[in-house]
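Notes for the one structure printed next.
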Amino acid sequence: MTDTVAEKTADTWTVAGRTFTSRLIVGTGKYKDFAQNAAAVEASGAEIVTVAVRRVNISDPKAPMLTDFIDPKKITYLPNTAGCFTAEEAIRTLRLAREAGGWDLVKLEVLGEARTLYPDMRETLKACEVLAGEGFAPMVYCVDDPIAAKQLEEAGAVAIMPLGAPIGSGLGIQNKVTVRLIVEGANVPVLVDAGVGTASDAAVAMELGCDGVLMNTAIAEAKDPLRMARAMKLAVEAGRDAYLAGRMGTRRYADPSSPLAGLI
Amino acid sequence: MALETSGELLLTVNGEPRRIGVGASIADLVASLGLDPKKVAVEHNAEIAPRSMLADVRLADGDVLEIVHFVGGG
């Protein structure tokens, strides 16, 4: 217990040897344009953004590019494997990403089906092992299953990223018990990835002890994305502080805050 | 083969047919498309073509190339 919150400034987290201050990772999809996207990243305070790997439009090579708006030298690009349904596709995508960007910190996600975008853990584990063997540092989107989380860690995952709810659903953290169990059992950072809809959801994830939160749609589809980006920044900080502060116990009935002694 | 004698190779680039002169390298192709090689990654017949090697790899008729970059995503 301390009397000041000065050490709050030193509350960093480290993944695969890289240290970050912001615990909020934001996506770069679904924005109106690159300018709005860049402004939202700035408002969120995020130091890491997820990006996708796609074919260059060879019929319009001068079209604006993400890298013109969000500088990869200032913001860490975390290439994802969104849209990949097999280990093979995901590995191929990340090999290209490493060549395009020159870095090995990546987000692995292997999807099981289009309707739920739920992870295929068999393929995810397979891909994680291969990637780790090739020197990648995979942060892995996964089910909220503590056993699967341990298996991923054994397969070389540098961060475990369970879904809070289906991607893009905004339903919030559906299973606080399993997310907490994953946090307690993990020796690598745990980040809730997917399902956050509003600021309180991000705070819940952090109060469960997660090291961070990754989100895209909650900010991009807000009516005012910049304000929501700021709200998420504050929620992640608030949730983290609440976790570190250690919440009060719960009681079944009331307990007055004013003294009973001295009542007139 | 007829294509080669006419001085052109037929490639498949990002799923589309594309012609380039015999003797061209991957770097030549990237330049002919107006792309900055520092911002893209190239897969050549299902193998990564390292950026440092793009000028050294000669293209052959029927080669399949994927040229990718980073776009917005979650």
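Just so you know, glycine gets a Cβ as well, placed from its N, Cα and C.
As the structure is a computational prediction, the values presented were derived from the model and not from experiment.
TrEMBL lists A:A194, A:G195, A:N216, A:T217 as binding 1-deoxy-D-xylulose 5-phosphate, and of A:G168, A:G185, A:G209, A:G239 the one it places in that same site is A:G168. A:A194 (1-deoxy-D-xylulose 5-phosphate binding site): 28 other CB atoms within 10 A of its CB, across all protein chains. Sequence-distant contacts of A:G168 (1-deoxy-D-xylulose 5-phosphate binding site), defined as residues of its own chain at least six apart whose C-beta falls under 8 angstroms from its C-beta, comprise A:L117, A:A194, A:N216, A:T217. In sequence order, the recorded positions near chain B, meaning those of A:K107, A:G195, A:N216, A:T217 whose CB lies under 8 Å from a CB of that chain, are A:N216, A:T217. Within the set of binding-site residues (A:N216, A:T217), the lowest number of other Cβ atoms found within 10 Å of a Cβ is recorded at A:T217.
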